[in-house]
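Undergrad: This is the structure, below, for whatever I ask next.
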Amino acid sequence: MGAAASSAAHKSDTPSTPIEKAVSRSIDRELAKEKIEMANVFKILLLGGSESGKTTIFKQMRILHLDGFTRADKINYRYQIHSNAVDALNQLVEACQKFRIVHESSIQGYVRDFLKFRTQTNNDQNDYELRSDVADKMHRIWISGPIQMAYKRRWEFTLLDSAKYFLDSINRISEKDYMPTTQDILQCRYRTTGIHEISFIYNELGFRMVDVGGQKSERRKWIHCFDNVNMVLFIIAASDYDMMDPEETNQNRLLQNLDIFKTIVQSEYFRRASIALFMNKHDIFVEKLKNASLKICWPNYIGDNSIEDASEFITQQFQKHMPDKKKFFAFATNATDTRNIDLVFGSAVAHIVDQNLKATGLQE
């Protein structure tokens, strides 16, 4: 009886009328077409730790190869930009407390009002408007001597990379009709959660780029994106070499990214994939090297503090874990610089196309 029921169910699933057969053939053609199209699309996976600039590079792809950002996107970013500015100034006020830098008497009232505003704000929702009266007080605090003293010591505490950018523009971004510019959006920091994907054409080739959150809690989702990857863009903030990870305070941030990199490149999922290391935040890295040696991260480092020696050493630390070193490429990047990312992405694409041609025997 069970066999008969199964047979009946199978027959009912089989197209019988001419219309059903035509629909079935149409679906089969679409599935076959989709399979062919997917085979001709290069899948790029963006991986890396939190705050490496990974999502900023994803934004750059939207700017360079799609239509950028809609008005609705910009309105959403507006609130996050306000939050960035408030968080950055709060970090500087806390730094003054840490370094025992006393605010000028003329500023102390503004500081109290600012801290009261921040306490009253629901930062989890990030949906508040930055009023012009609050922005004016923030501007006065930002340009004050004590806050500027703390800013000069910014390498000694956690500070949003775009702090100066947004605080210099505090009056502009608090205007009633303010609409974020493309550069504002690139500078905006927010935590990526979940999986985000875009598809675009570049040099007559199809690309599918996938971005996933870099926080520790998000990494368990990465495996869902691992199938059929042609290239991994692994993003590190080279400037993290002297910082501890905020999620695991006993671990150096750059070394933690190196551990993640080892796991990724030794995975069977990426045996055929090219690996491009983007050493991001190059501009901050250059500034930091003037005062802090790479020995903070690698005591065995014997080079000088030149950008050339330090960059080459970091490249070697990652490259040596590659099973196939011919599939490894490294680039210095500034994720907020659209021209830089355009040039670097073009170079990375040339490498993966070359690798794929070699893999198919079309090029030696």
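Yeah, the Cβs are placed from backbone N, Cα and C, and that goes for glycine too.
The region 'Disordered' annotation in TrEMBL covers 1-22. Annotation source TrEMBL lists GTP binding site at 51-56, 161-162, 186-192, 211-215, 280-283, Ala335. Per TrEMBL, Mg(2+) binding site is recorded for Thr55, Thr192.
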Undergrad: Just to be sure I understand the packing, how many Cβ atoms besides its own are within 10 Å of the Cβ of Val212 (GTP binding site)?
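TA: Taking every protein chain into account, the count is 25.
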Undergrad: Which residue, out of the binding-site residues Leu186, Ala335, shows the minimum number of other Cβ atoms inside 10 Å of its Cβ in this structure?
TA: Leu186
Undergrad: Taking each of Thr55, Leu186, Val212, Asn280 in turn, which of these binding-site residues have a Cα lying within 10 angstroms of the Cα of Thr192 (Mg(2+) binding site)?
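TA: Taking Thr55, Leu186, Val212, Asn280 one by one, the ones whose Cα falls within 10 Å of Thr192 (Mg(2+) binding site) are Thr55, Val212.
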Undergrad: Using all protein chains shown, find which of the binding-site residues Thr55, Thr192, Asn280 scores highest when you count other CB atoms within 10 A of its CB.
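TA: Counting every other Cβ within 10 Å of each candidate, the maximum falls on Asn280.
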Undergrad: What does DSSP assign Asn280 (GTP binding site), in three states?
TA: strand
Undergrad: Under a three-state reading of DSSP, tell me whether Glu51 (GTP binding site) is helix, strand or coil.
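TA: The three-state answer is coil.
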Undergrad: With H, G and I counted as helix, E and B as strand and the rest as coil, say where DSSP puts Leu186 (GTP binding site).
TA: helix
Undergrad: If H, G and I count as helix, E and B as strand, and all else as coil, what does DSSP give for Ala335 (GTP binding site)?
TA: coil
